[in-house]
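Chemist: The following block contains the structure, expressed as structure tokens.
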Amino acid sequence: DQTALYIRMLGDVRVRSRAGFETERRGSHPYIDFRIFHAQSEIEASVSARNIRRLLSFQRYLRSSRFFRGATVCRSLNILDEDYNGQAKCMLEKVGNWNFDIFLFDRLTNGNSLVSLTFHLFSLHGLIEYFHLDMVKLRRFLVMIQEDYHSQNPYHNAVHAADVTQAMHCYLKEPKLANSVTPWDILLSLIAAATHDLDHPGVNQPFLIKTNHYLATLYKNTSVLENHHWRSAVGLLRESGLFSHLPLESRHEMEAQIGALILATDISRQNEYLSLFRSHLDKGDLHLDDGRHRHLVLQMALKCADICNPCRNWELSKQWSEKVTEEFFHQGDIEKKYHLGVSPLCDRQTESIANIQIGFMTYLQEPLFTEWARFSDTRLSQTMLGHVGLNKASWKGLQRQQPSSEDASAAFELNSQLLTQENRLS
């Protein structure tokens with residue numbers, strides 16, 4: 001009951017509050033690595049390619065007990081005392097509304113939007129009861145996920161993950177999916193949405209490849225980030241023990257299907273998935289009682305959720321556009337500083353938010369959401385396409401106010417073609 005849950009979590013807090021216990025963080029931490037990288041350059045006039053590879057390893061060693069991973073004292077108390085009261089609780093009652101303001105919700109939950117929202121969705125969909133989940137293990141699992149996102153990233157952080165998870169929930173509510181998905185499908189979809197950018201370093205795949213990063217070597221330059229997100233998610237699933245009561249075969253199947261969902265978010269493979277999806281729609285042979293077809297639709301839903309920012313209202317969409325562009329430009333600044341060759345769309349001197357967004361909507365987003373609307377011709381689909389049109393018009397208005405905007409737009413047409421192959425921060 002609630003009293004027992006409180007006592008168990010309070011016990012965790014007391015253990016973590018012992019003197020000498022250091023909050024740990026798994027995986028890469030670009031802010032620290034780049035800070036070391038920058039400090040080194042102050043001493044050395046030039047940095048060799050070998051030093052670049054060494055300093056951008058992103059590896060950190062763990063010093064604390066594996067058992068106590070997942071929550072600091074203050075964060076746990078926030079979860080207990082603040083997440084589900086007042087305005088935050090009122091917002092969760094409208095979590096299926098497409099105008100859900102994830103930025104406001106993140107402020108109301110004191111930076112715990114991913115934990116609060118995902119836990120609520122697990123409860124809303126009846127997953128806790130259906131799969132007999134331990135609520136304390138679930139909390140710990142979600143906190144570990146949230147902590148493995150880098151808050152220093154302007155875009156690829158826990159708030160983005162929460163936004164994608166909320167969008168995925170909206171798609172799961174669409175009539176065609178709601179009438180066909182199983183609790184298993186919902187479980188995998190929500191976990192994949194919450195972890196789809198787990199431990200994102202804030203740079204894109206070409207950056208990792210040209211610096212000979214160990215992840216690029218490990219995954220042979222193929223879906224490097226997506227493979228890392230998936231493997232990181234599997235690590236947390238196993239570490240949390242959330243599904244330890246399920247048969248081993250079921251756990252392996254879960255890990256594989258979550259991987260297939262996350263790997264589908266690789267933007268360089270968009271044409272592959274989009275062509276397959278379009279082919280099924282053209283033939284009219286998409287049968288949602290077939291598990292394989294249903295899984296393809298869930299892959300497309302996650303792809304849509306991942307890049308749905310231009311489908312939100314202008315106030316929300318503009319904030320996301322500014323954040324993702326700042327992350328692009330931050331990478332470009334690093335590439336300039338160390339003479340690595342600036343990646344397409346990452347040069348703040350030649351690119352603009354308006355040009356990047358117009359190109360992204362034209363070449364990547366509109367084709368995807370047009371096909372999704374063919375599959376699910378609902379009010380939500382029309383709302384999303386309507387927002388895309390309005391937001392695109394707004395960016396074009398801002399573009400006309402910029403000097404040399406026509407030249408920049410022409411340059412973007414080439415860059416956007418490169419984007420489909422390598423550059424969107426998947």
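Placed from the backbone N, Cα and C atoms, the Cβ positions cover glycine too.
What Swiss-Prot records for this protein is below:
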type     : residues                       : note
ACT_SITE : His156                         : active site, proton donor
BINDING  : His160, His196, Asp197, Asp306 : divalent metal cation 1 binding site
BINDING  : Asp197                         : divalent metal cation 2 binding site
DOMAIN   : 80-402                         : domain 'PDEase'
Chemist: How would DSSP class His160 (divalent metal cation 1 binding site) in three states?
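Modeler: Assignment for His160 (divalent metal cation 1 binding site) reads helix.
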Chemist: Using a 10 Å radius around each Cβ and all protein chains in view, which of these recorded positions has the most neighbours: His156, His160, His196?
Modeler: His196
Chemist: I'd like to know the mean pLDDT over the domain 'PDEase' (80-402).
Modeler: 97
Chemist: Could you round the CA separation between Asp197 (divalent metal cation 1 binding site) and the residue listed as 'active site, proton donor' to a whole angstrom and send it over?
Modeler: 7
Chemist: What other residues of this chain sit with their CB within 8 A of the center of the CB atoms of His160, His196, Asp197, Asp306, the recorded divalent metal cation 1 site?
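Modeler: Result: His156, Ala161, Val164, Ala193, His200, His229, Thr265.
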Chemist: To the nearest whole angstrom, what is the C-alpha distance linking Asp306 (divalent metal cation 1 binding site) and the residue listed as 'active site, proton donor'?
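Modeler: The Cα atom of Asp306 (divalent metal cation 1 binding site) is 11 Å away from the Cα atom of the residue listed as 'active site, proton donor'.
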Chemist: How many neighbouring Cβ atoms, not counting its own, are there within 10 Å of the Cβ of Asp197 (divalent metal cation 1 binding site)?
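Modeler: Excluding its own Cβ, the number within 10 Å is 28.
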Chemist: Near the Cβ of Asp306 (divalent metal cation 1 binding site), how many other Cβ atoms are there if near means within 10 Å?
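Modeler: Around the Cβ of Asp306 (divalent metal cation 1 binding site), 24 other Cβ atoms lie within 10 Å.
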